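Participant: Sharing a structure, written as structure tokens. Questions coming.
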């Protein structure tokens with residue numbers, strides 16, 4: 001592994017060699033590689049999406065090949081398993097930052113909660129059941145109610161560990177404000193029955209959410225204007241020169257923060273383009289990729305060069321979460337960790353599939369090196385890390401201001417997935433010191449965090465795959 005000084009030296013060299021900088025210091029116009037043949041105008045959305053990413057030792061082509069052929073099919077399959085398809089969330093929490101606009105009345109914004117009778121018994125009976133013995137079998141609803149917080153099939157050792165875990169407050173480690181799963185307003189949602197797609201929710205309400213995220217939580221002074229910001233009067237045609245000059249001057253950690261948020265925003269927009277309402281039909285709507293919508297959001301000609309930068313930040317975010325999956329593998333490799341639903345056969349195969357995916361992530365040769373972050377003077381690094389954590393935690397709270405219930409659901413899930421990934425990245429010592437045969441007080445993941453982590457990465461993996469699909473569609477539209 002590269003040392004911190006070696007990493008910084010390589011990054012500095014790459015900054016000089018790269019034709020395009022993706023750390024936020026992007027040129028005002030993208031340049032074509034001299035080795036690439038001229039591109040047709042209809043393919044311009046993706047013709048500049050190539051080469052090495054800054055702030056990491058990796059290239060886009062390697063990520064495409066790895067994701068689309070090695071990991072995407074498995075991650076998609078895992079996200080459809082019972083343990084990962086049911087997510088408990090409170091969609092009724094009030095917006096903490098401004099008066100609630102009221103929820104979107106568009107029919108496609110509606111989220112259908114899962115009836116209690118449909119949720120697997122092992123999931124309903126609590127997070128602790130992921131430590132249940134594999135052979136415990138399926139229990140009925142009455143038994144689950146009697147179990148309460150502790151499954152009586154557990155060993156005494158595990159019960160003692162749970163007593164400690166129940167009182168463990170690791171709020172200092174969390175990058176997200178977690179929903180209270182015990183709240184009467186928290187409900188299980190079947191993610192497969194409430195897919196993320198275009199709902200028609202847009203305009204001032206949606207812009208205000210993202211504007212608050214970028215303007216107030218990305219370490220940006222108000223005197224620096226983001227390009228194409230619809231809420232900045234008279235600045236809609238800004239080419240971004242001032243913004244990217246400012247961004248170039250930030251330290252690595254703050255630059256990374258902006259790129260993560262931009263990447264998350266890009267991924268969500270890609271999902272909306274890929275699952276767009278194409279035809280109302282006869283009461284049977286048709287959903288699919290909308291090339292025109294994709295161009296409006298990502299074509300450099302339509303976005304004054306912003307589209308390429310947005311997509312490169314998506315790749316950067318993918319690398320961050322991929323790295324987190326690799327680092328958390330020791331947590332799941334312990335034999336007593338079970339992804340418990342109550343169906344022992346499915347639970348066993350689900351865990352086997354998860355471990356298989358984690359092994360594939362380890363084989364990726366160009367992981368992001370997080371050791372270069374928060375690596376300065378100890379007190380300054382600690383202060384910066386806490387500031388980083390609190391800014392992201394604030395963003396997770398802003399998701400409660402999203403007016404569309406379905407958008408809020410997927411926004412909260414993907415934000416929590418990224419927050420869990422960040423928590424993993426900066427818990428290296430705790431993960432290395434995990435006891436082999438019992439839970440650790442120092443590092444735990446709730447079921448809610450595990451579900452968000454895997455589904456969040458599955459959404460990113462889908463985004464990378466959808467980019468490949470749009471490339472094909474753009475060629476067909478010539």
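Each residue, glycine too, has its Cβ placed from N, Cα and C.
Curation does not apply to TrEMBL; its annotations are automatic.
Pasting the feature list from TrEMBL:
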type	residues	note
ACT_SITE	404	active site, nucleophile
ACT_SITE	407	active site
BINDING	197, 199, 210, 262, 265, 297	FAD binding site
DISULFID	104-109	disulfide bond
DISULFID	404-407	disulfide bond
SIGNAL	1-25	signal peptide
Participant: If you measure from the Cα of the residue listed as 'active site, nucleophile', which of the recorded positions 109, 197, 199 is the nearest?
Facilitator: 109
Participant: Looking at FAD and its recorded binding residues 197, 199, 210, 262, 265, 297, figure out the farthest C-alpha pair and report it in angstrom, whole number.
Facilitator: 21
Participant: Given a 10 Å Cβ-Cβ cut-off, pick out the one of the binding-site residues 199, 262 that has the most other Cβ atoms nearby.
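Facilitator: The largest 10 Å Cβ neighbour count belongs to 262.
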Participant: Looking at the recorded positions 197, 210, 262, 407, whose Cα is closest in space to that of residue 109 (disulfide bond)?
Facilitator: 407
Participant: What is the total of other Cβ atoms whose distance to the Cβ of residue 197 (FAD binding site) is within 10 Å?
Facilitator: 19
Participant: Just to be sure I understand the packing, how many Cβ atoms besides its own are within 10 Å of the Cβ of residue 104 (disulfide bond)?
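Facilitator: Total other Cβ atoms inside 10 Å, all chains included: 21.
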Participant: Tell me the Cα distance separating the residue listed as 'active site' from residue 197 (FAD binding site), rounded to the nearest angstrom.
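Facilitator: Their Cα atoms are separated by 8 Å.
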Participant: What subset of the binding-site residues 199, 210, 262, 265, 297 lies within 10 angstroms of the residue listed as 'active site' at the C-alpha level?
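Facilitator: Checking each Cα against the residue listed as 'active site', the hits are 199.
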Participant: What does the structure give for the C-alpha distance between residue 262 (FAD binding site) and residue 104 (disulfide bond)? Integer Å is fine.
Facilitator: 24
Participant: So for residue 109 (disulfide bond), how many other CB atoms are inside 10 Å of its CB?
Facilitator: 19
